[in-house]
Amino acid sequence: MIDIAVTGAAGRMGRTLVEACTREEGMRLVAAVERPGGASIGADAGELAGVGKLGVAIRAGLNGLDFDVLIDFTQPESTLAVLEHCRKHKKRMIIGTTGIDDAGRQRIADAARDMAIVHAPNMSVGVNLCFRLLETAARILGDEVDVEIIEAHHRYKADAPSGTALKMGEVVAQALGRDLKEWGVYGRRGISGERARKVIGFSSIRAGDIVGDHTVLFAGGGERVEITHRAESRATFAHGALRAARWLMGRKTGLYDMQDVLGLR
Ligand code: NAD
């Protein structure tokens with residue numbers, strides 16, 4: 001049995017993960033944590049997720065809790081705090097949080113010398129397949145096309161562009177030998193001027209309850225290729241995170257992503 005802890009257990013992804021744990025063979029939820037002072041502290045994680053009482057009360061911190069793998073879909077500061085706890089106690093960690101800056105990513109890479117981590121901006125199989133398709137499309141279409149990435153998410157999403165859109169940009173930039181820091185353009189307004197061919201553009205829509213749509217547009221003279229992924233439910237991310245947790249049990253240290261978990265490398 002793999003014992004799972006979930007941080008951010010009252011959040012949108014947290015509740016979906018708690019629910020997914022109850023369906024997954026060979027796994028069980030043993031710990032659920034939320035922000036100290038939050039209204040959900042003390043509540044039963046299963047009841048909050050709508051799957052009935054699980055006997056796992058939501059706690060305000062990780063101290064004293066034992067588990068095999070911690071799954072964290074929260075926000076950058078809390079992810080990095082949880083990372084230190086897991087490093088100290090040599091626990092495995094799945095990180096789904098997006099919007100983590102370069103310094104934070106470096107801290108994750110450093111911690112992975114002492115613990116095993118899967119960090120991916122998108123845990124869905126379909127999106128990870130899209131990363132591969134984008135690599136192929138970028139290589140074949142090359143510098144002949146303009147690349148634009150359009151993403152849409154629900155009104156509550158904190159960061160923009162999405163971590164997935166940025167990763168898509170990185171995949172395309174790498175295949176084309178470009179540096180995204182130099183060529184990324186994030187939204188346009190006013191007299192934005194003629195587009196440079198090497199630009200990789202990003203546009204973000206925030207509306208309603210959209211779970212997550214991504215389109216990468218390769219537009220050339222006379223034709224257009226669009227690669228689109230639409231997430232219909234958060235269950236797809238939760239399922240991927242649990243798959244990653246199972247895979248990570250075979251590792252003691254190292255930093256991995258979903259391409260490793262899915263054998264797509
Ligand atoms: P949310 O706001 O609904 O949930 C986040 C939860 O974290 C909240 O309940 C909040 O109270 C809790 N939290 C904050 N600080 C905490 C702390 N110190 N300790 C414990 N809990 C704490 O957000 P969400 O929609 O569930 O998304 C969470 C993150 O996951 C975002 O960064 C989002 O972009 C990312 N995400 C990633 C994937 C993926 O596949 N990798 C998929 C969906 C969402």
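Keep in mind that glycine also has a Cβ here, set from the backbone N, Cα and C atoms.
Curation plays no part in TrEMBL annotations; they are all automatic predictions.
Listed features, source TrEMBL:
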- HIS153: active site, proton donor/acceptor (ACT_SITE)
- LYS157: active site, proton donor (ACT_SITE)
- GLY8, ALA9, ALA10, GLY11, ARG12, MET13, GLU34, GLY96, THR97, THR98, ALA120, PRO121, ASN122, MET123: NAD(+) binding site (BINDING)
- 2-123: domain 'Dihydrodipicolinate reductase N-terminal' (DOMAIN)
- 126-262: domain 'Dihydrodipicolinate reductase C-terminal' (DOMAIN)
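The highest number of surrounding Cβ atoms within 10 Å, among the recorded positions ARG12, HIS153, is found at HIS153. The separation of GLY8 (NAD(+) binding site) from LYS157 (active site, proton donor), Cα to Cα, is 15 Å. ALA10, ASN122 are the recorded positions among ALA10, ASN122, HIS153 whose C-beta comes within less than 6 Å of an atom of ligand 1, given in sequence order.
Secondary structure of the domain 'Dihydrodipicolinate reductase N-terminal' (2-123) per DSSP, as helix, strand and coil residue counts: 40 helix, 29 strand, 53 coil.
Fewest Cβ neighbours within 10 Å among the recorded positions GLY8, GLU34, THR97, ALA120, LYS157: that distinction goes to LYS157.
If you average pLDDT over the domain 'Dihydrodipicolinate reductase C-terminal' (126-262) in this model, you get 97.
Around ALA10 (NAD(+) binding site), taking its Cβ as the centre, 21 other Cβ atoms fall within 10 Å, counting all chains.
The 10 Å shell around the Cβ of ASN122 (NAD(+) binding site) contains 27 further Cβ atoms across the protein chains shown. When the Cα atoms are compared, ARG12 (NAD(+) binding site) and the residue listed as 'active site, proton donor/acceptor' turn out to be 13 Å apart.
The distance from the Cα of GLY8 (NAD(+) binding site) to the Cα of HIS153 (active site, proton donor/acceptor) comes to 19 Å.
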